[in-house]
Amino acid sequence: MADSIYNQLSRYTQPPLIILGTMGAIFNQILFTSRKSLRTTSCSFYFRALSLNDFLVLYIYVLLQWLADQYGFDPTKKFDWYCKMKTYLQTVLYTLSPYFVVLACFDRLCTSSTHVRLRRIATVRIASFLIPAMTIFIFAIFSHMPFFYILNSYPTGSYCTPASVEYNRVFAILVVIALGIVPPILMMILCITTLILLRRQRRRIMPINQARLRQRDNQLLKMLLLYVVFHVITTIPFSTTLLIAVYQISSTSPTIILLYRLSILLFNTNYSTSFYIYTLSTPFYRQELFCLIKDTVKKFNRIIRPNYYQPKLHITVNTQLKRS
């Protein structure tokens with residue numbers, strides 16, 4: 001009964017999640033690389049890293065897990081090396097996205113600060129350094145996984161599981177801390193501090209150009225705040241059910257296992273909705289999206305109808321000749 005509920009929900013929720021997430025990740029990359037107002041901000045580098053990592057999560061974890069659930073295609077049950085590397089890679093990718101958001105929140109804090117040294121951190125050069133540094137750091141935190149995940153044989157088949165119960169419990173605590181506790185706390189602290197700094201700066205009279213830049217920064221901060229709220233909502237059920245499932249004194253009940261698997265389906269939405277959170281939350285992002293679509297349509301029309309504007313040009317030239 002529990003497996004049937006999970007399989008039905010997985011069958012009809014994960015494919016739309018993958019499709020919408022793929023479209024959102026592509027739009028994010030195009031917007032943050034092509035629009036000058038977004039491309040010139042250091043925060044856009046963190047958003048681009050976030051959308052790229054979300055894209056990898058959708059295809060390295062969500063899609064492969066859906067194929068395993070629905071069609072039984074699961075190489076982790078056949079190859080020990082695949083069991084180790086897939087588990088390691090999917091855990092790292094799962095964890096990276098919220099830390100890119102933490103970096104983006106820190107970037108907004110530096111931008112809003114009155115201290116010159118902090119504002120110098122919010123640059124493209126620093127962002128280009130912090131993104132790979134954070135990636136290496138997360139890979140290093142979970143570098144023990146390939147040594148402690150093995151392919152175990154059971155009466156019902158082979159499964160990719162931790163080597164011991166003790167390691168499984170320690171690993172669960174590590175995941176909850178690294179994914180469910182530290183990122184939300186850091187996000188909230190950084191965002192609240194940034195809001196306090198922005199409230200103080202509202203009393204100041206700024207030039208028009210600085211006021212426009214400040215308005216853009218406020219919109220980016222609003223995007224971050226909504227992402228933080230959504231991340232917390234989807235993380236709490238996942239972290240709670242994981243700890244209960246691992247630390248249950250007696251054998252884990254089917255209900256707890258079902259709730260844990262369902263919480264993963266909910267948590268997966270966190271990796272496919274960033275684009276839609278941005279577009280629904282901020283007029284600035286919607287305006288940039290509409291401008292991108294408008295420019296794309298114009299370029300497409302010029303390609304398929306290269307002589308579209310030439311008759312108007314000839315008419316203008318002839319009219320000027322007649323007047324002269």
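Note that the numbers count up from 1, one per residue, in the order the chain is shown.
Using N, Cα and C of the backbone, Cβ positions are placed for all residues, glycine too.
Just so you know, TrEMBL annotations are computer predictions that nobody has curated.
Under the heading transmembrane segment, TrEMBL lists 12-33 (among others).
Residues or ranges marked as domain 'G-protein coupled receptors family 1 profile' in TrEMBL: 24-278.
Annotated transmembrane segment per TrEMBL: 45-68 (among others), in sequence order. Long-range contacts of the transmembrane segment (45-68) within the same chain, counting only residues at least 6 positions beyond its ends with a Cβ under 8 Å from a Cβ of the stretch, are 10-11, 14-15, 17-18, 21-22, 24-25, 28-29, 32-33, 74, 76, 86, 89-90, 93-94, 96-97, 100-101, 103-104, 107, 124, 127-128, 131, 268, 271-272, 274-275.
Here TrEMBL flags 88-106 (among others) as transmembrane segment.
Positions annotated as transmembrane segment by TrEMBL: 126-151 (among others). Residues 42-43, 45-46, 49, 76-80, 83-85, 87-88, 91-92, 95-96, 99-100, 103, 107, 120, 158-164, 167, 171, 174, 178 of the same chain, all 6+ positions outside the transmembrane segment (126-151), place their C-beta atoms under 8 angstroms from a C-beta of that stretch.
Annotation source TrEMBL lists transmembrane segment at 171-198 (among others).
Look at TrEMBL and you will find 224-250 (among others) tagged as transmembrane segment.
The transmembrane segment feature in TrEMBL is assigned to 256-278 (among others).
Summarised as a single figure, the pLDDT of the domain 'G-protein coupled receptors family 1 profile' (24-278) averages 84.
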